[in-house]
Every structure is written in C-alpha cells, then in structure tokens.
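A.B. asks: Can you read through this structure? Questions will come right after.
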Amino acid sequence: MSQFAREIVRNAIYNTSSPDADSVSLRKATTTILLIGVTYCILVGIYRVTLHPLAKYPGPKLAAVTRLWHSYHLCTGDIVSVLSRAHEAYGPVLRIAPDEVLFISSRAWDDIYGARPGKPEMDKDTPLYKGPTAPHSIVTVDGELHRFYRRLLAKGFSDAALREQEPVIQRNINLLVEKLHKEVAAGKTPEMTAWFNYATFDLIGELAFGETYGCLENSHYHPWVEMILEVMKLRAMTHAVGYYPWIFHILMWFVPKSLREKFVTHRRYTHDKVQRRMDQKIHYKDLTTNLVDPQNGLERYEIDGNCSTLIIAGSETTATALSATLYFLTQNENAKRKVIGEIRTTFNNAGDINSISVNQLKYLSACMNEALRIFPPGPAVFPRRVPQGGDFIDGHWIPGGTQVGIAHYCINRSRRNFVDPDKFIPERWLGDPTYQTDDRHAVQPFSYGPRNCIAHNLARLEMRLVLARLIWEFDWELAPGSERWEEEALVFNVWSTKPLMIKFTPVAR
C-alpha cells in the first residue's frame with residue numbers, strides 16, 4: 001500500500017478532529033469488519049458444499065455448512081427421528097455436519113466399531129466422550145487403558161459371576177413383584193418406567209456397591225437416582241455445545257445453577273458410595289471387586305469414574321428395554337398371546353423361573369430382540385473419529401479426522417435392512433420366511449466390537465427374569481393416556497419417555 005493510501009486509511013479511522021468524523025469512521029470500520037466476516041462465512045459455506053472432501057456425500061445443505069443443525073436437534077430431543085427421515089431422503093450414507101458422516105449398513109459396524117487388525121482403532125475422540133462433564137472410565141478412555149479396565153470389569157460380568165449374583169437379582173425381582181401386587185390391590189395403576197427404574201437402579205446399586213438405593217422398598221426414587229436421570233439429559237446438552245469450546249463456558253452459564261451443581265453432587269455421592277463399598281466385605285464376586293482391589297493399582301478417580309459409569313449404563317437403559325418390551329406387546333395381541341402361553345405352560349410355579357430355565361423361552365427372547373430393534377435403549381449416534389490417513393467405510397473413502405457413526409434407531413428402522421421396519425414382529429427372529437431378507441446383523445443394541453457393552457449378559461438376564469416373572473404373575477394392558485408412549489418419546493443420547501401406565505390384573509390360580 002502506498003504512503004498516500006495508508007494516510008487516507010489512518011485519517012478515516014483515527015482522525016479525531018470532530019465528533020462527526022469519529023462516528024463516520026467507526027461506522028465504516030464496523031461495516032468493513034461485518035462485511036469481511038459475512039464474506040468469510042459465505043465462502044466457507046460454499047467450500048463445504050462444493051469443494052470439501054465430504055461434499056460428495058448427501059445430506060441437508062445446512063448441515064453441510066454448519067454443525068448448528070446437528071446441535072439444535074440434539075438439544076430439542078428429536079435427533080433420531082430427524083436423522084431417520086434424512087436417511088430415507090438422502091440414502092444410506094448421510095452427512096450431518098461439516099465433518100461428520102453416518103451410515104446405516106450392517107457392514108459399517110465392522111468398519112467403524114469392529115476389530116481392525118493391522119489398522120489403528122477409530123478412537124472416541126469426540127465431545128461426547130472427551131467433554132468436560134465426561135467421567136474418566138472404560139467408556140471414555142482409549143487403547144491399552146481401555147483394555148486394562150475391561151479385563152478388570154469383565155470378571156464381574158462373567159457367567160460364573162452372574163451365577164453368584166443371581167440371589168441378589170432374584171431378591172430384587174421378588175420385591176418388585178410384591179410391590180406391584182400391593183399397588184394393584186390398592187386400586188392403583190403403576191407407572192412402569194418408574195418401577196423398572198426402581199428395580200434396575202436398586203439392583204445395580206447392590207451389585208456395584210453392596211447396597212440398594214431403597215427405591216423399591218420406598219416406592220419412589222432415591223434423590224441420587226433422580227439426579228442421575230437429570231444429569232444424563234444435561235450430558236446431551238453439553239455434548240451439543242461441546243463442539244464449540246470457545247463458547248462452551250459461556251453457554252454453560254445459561255444452564256440453571258442447580259442443574260450444574262448436580263454434576264458435583266453426583267461425583268460426591270459416587271465417591272461416598274465407593275468408600276462404603278471399599279469398607280465392606282462382600283461374600284460374592286460383585287461388579288466392583290476388581291476395581292477396588294488394591295493389587296490392581298487403580299487411582300481413586302479411576303475407581304470413582306468407572307463406578308459412576310456402571311451405575312448409569314447398567315440401570316436406565318435396561319429399564320427402557322423392559323418398558324419397551326411390555327409396551328410393544330400391547331401393540332401386537334398375537335405376540336402377547338404367544339408369549340403368555342409360552343411362559344405359563346413352561347413353569348409350574350414362580351420358583352421355577354431362574355437364570356437357567358429362562359433360556360428355553362424362545363418366543364420371549366424373540367420379543368426382547370424385537371423390542372431392542374424397534375426401540376433401542378441407546379438410540380442415538382456414539383461417534384468415532386477416522387484415523388489420520390483416512391479409511392474406507394462401507395466402500396466409501398472417508399478422510400482422516402472425520403467423525404463417523406451409526407444411529408441405532410436409524411439402522412434398525414431402515415427399509416433397506418428390514419421388512420415392515422416400524423412394526424413389532426417377533427417372528428422375524430424365529431425364521432419366518434416373510435422376513436428372510438432382514439439384515440439382523442444390523443441390530444447391535446449393545447454396540448459392537450471390542451468396545452461393546454460389557455454388561456450385555458447381565459442386561460439380557462435381567463430382562464428375561466423380570467419379564468418372565470411379570471408375565472407369569474399378571475395380565476396387563478395399556479391404561480388410557482399411554483397409547484402414544486412411543487411417538488411422544490424424545491432422545492437426549494438415551495430416551496426421555498412419558499409415563500407408561502399399565503393396568504395389571506393378577507393371574508388367578
């Protein structure tokens with residue numbers, strides 16, 4: 001720039017000879033800055049939808065330009081229904097953000113989440129796992145540390161350990177049934193999402209810490225359990241804004257202080273529970289035996305973080321699966337009649353229902369699988385990041401650094417994978433030729449690969465035992481007001497559902 005031009009600019013901006021000149025100069029400077037900013041955003045947007053390496057993958061244009069589209073739907077709770085419709089409109093490969101692509105083919109499970117011999121693992125290097133509110137645990141760490149935590153925890157979820165834990169499981173189920181009989185005798189209509197949460201939180205509390213929360217005994221949520229359910233929803237919000245670290249702390253100030261304090265309280269409660277567990281002598285191998293064993297050398301924050309994850313992952317999701325199975329059986333009277341017949345002709349009394357005998361209930365297992373398909377407990381995307389250098393996913397080249405994933409709800413409800421995907425049809429799991437083209441490998445409710453849910457055996461056992469016992473004890477139907485339970489559910493990483501009111505009638509024997 002010439003000396004003359006520099007002098008003109010200097011005078012335009014810094015000349016203070018008159019107030020009018022100052023005002024004009026300020027307006028000019030502000031306008032220039034705004035124009036530069038707007039022009040930059042427009043150019044970035046054009047680049048992202050035309051020249052960006054992911055530009056060839058279809059999806060909403062706004063999503064290709066800015067992640068705000070994705071974050072908005074995370075916060076409103078309609079994310080999985082929006083993604084499902086987008087997959088229907090754009091196809092099996094869907095761009096949902098400038099740097100994120102989703103898939104709905106079963107092959108993508110292997111490419112993204114499966115073991116990758118000779119290739120680096122697709123890490124959980126995303127705000128969902130690395131955000132400031134994420135605990136340090138088996139879910140969030142990578143590599144050798146994850147494998148170490150998994151080896152320690154696996155012993156508590158082994159078949160041998162589950163056999164040792166069965167008396168604890170049966171005791172909690174007996175109490176659930178007893179309480180439901182009392183509710184029915186008092187003329188009440190139980191809200192089953194709450195009752196299933198009471199049971200699963202009490203059970204995981206006893207298996208992890210050696211003591212229940214007293215939810216079943218007191219017929220209401222323990223304050224800590226209520227807080228956990230709220231914290232889970234807030235985690236979805238922090239996930240949404242975690243993509244904007246430069247404004248994260250500002251945005252968090254808009255979260256009510258009482259809700260922010262729940263994170264701190266949750267950590268304190270976890271710490272106190274762990275301490276009581278460490279002071280106890282448990283006479284069976286529970287879920288935390290190896291975590292608290294000094295010989296394994298874990299730091300206290302590692303023990304607390306993994307215990308916190310056990311409580312959250314081992315309770316609400318199982319309760320959701322139980323609620324979904326009970327609900328969808330009311331939507332298919334033929335399936336309901338079949339599962340009732342199977343259970344009530346297999347057992348002579350409630351005492352016959354145990355961890356061994358429930359394995360012969362093939363139709364009940366099909367009902368569970370179908371409920372897990374149509375209403376997966378973890379319906380959203382649990383993303384991974386493509387390693388540097390890029391890789392092929394389902395035959396598509398994806399650049400390194402891109403977030404990729406599968407939304408369970410979307411892959412399970414896709415017409416590309418299932419006949420009548422929105423219908424609850426247990427027979428699709430029993431060899432019915434009508435559904436022989438179904439891609440059952442697409443359904444992975446407990447995730448997939450070396451980082452799948454370590455507690456899936458416990459969750460399935462709980463479901464079989466609870467459902468078999470309830471169906472043995474009661475006839476049931478939906479109470480008025482719960483007909484749209486599925487349609488009214490929202491997703492904040494996990495489901496947020498309306499009350500599920502069930503009218504129970506004890507079986508006369």
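Each residue, glycine too, has its Cβ placed from N, Cα and C.
Sequence annotations record features per position, and here Swiss-Prot assigns N-linked glycosylation site to ASN15, ASN306, ASN412. The annotation transmembrane segment is assigned in Swiss-Prot to 31-51. If you look up Swiss-Prot, you'll see CYS453 marked as heme binding site, on the strength of similarity to another entry.
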A.B. asks: Grab the same-chain neighbours of the transmembrane segment (31-51) for me: Cβ-Cβ under 8 Å, and only residues 6 or more beyond its ends, written as numbers and ranges.
C.D. replies: 61, 64-66, 98
A.B. asks: Measuring CB to CB from CYS453 (heme binding site), give everything in the same chain under 8 Å that is also at least six residues away in sequence.
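C.D. replies: Non-local contacts for CYS453 (heme binding site): ALA313, PHE446, SER447, ALA459.
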A.B. asks: With every protein chain in view, what's the tally of Cβ atoms within 10 Å of the Cβ of ASN306 (N-linked glycosylation site), excluding that atom itself?
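C.D. replies: Other Cβ atoms found within 10 Å: 26.
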A.B. asks: What does DSSP assign CYS453 (heme binding site), in three states?
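C.D. replies: Note: CYS453 (heme binding site) is coil by DSSP, not helix or strand.
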A.B. asks: List the same-chain residues at least 6 positions away in sequence whose Cβ sits under 8 Å from the Cβ of ASN412 (N-linked glycosylation site), in sequence order, or say none.
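C.D. replies: Once residues fewer than 6 apart are set aside, ASN412 (N-linked glycosylation site) is near ARG373, ILE374, PRO376, PHE418, PRO421, ALA442, VAL443.
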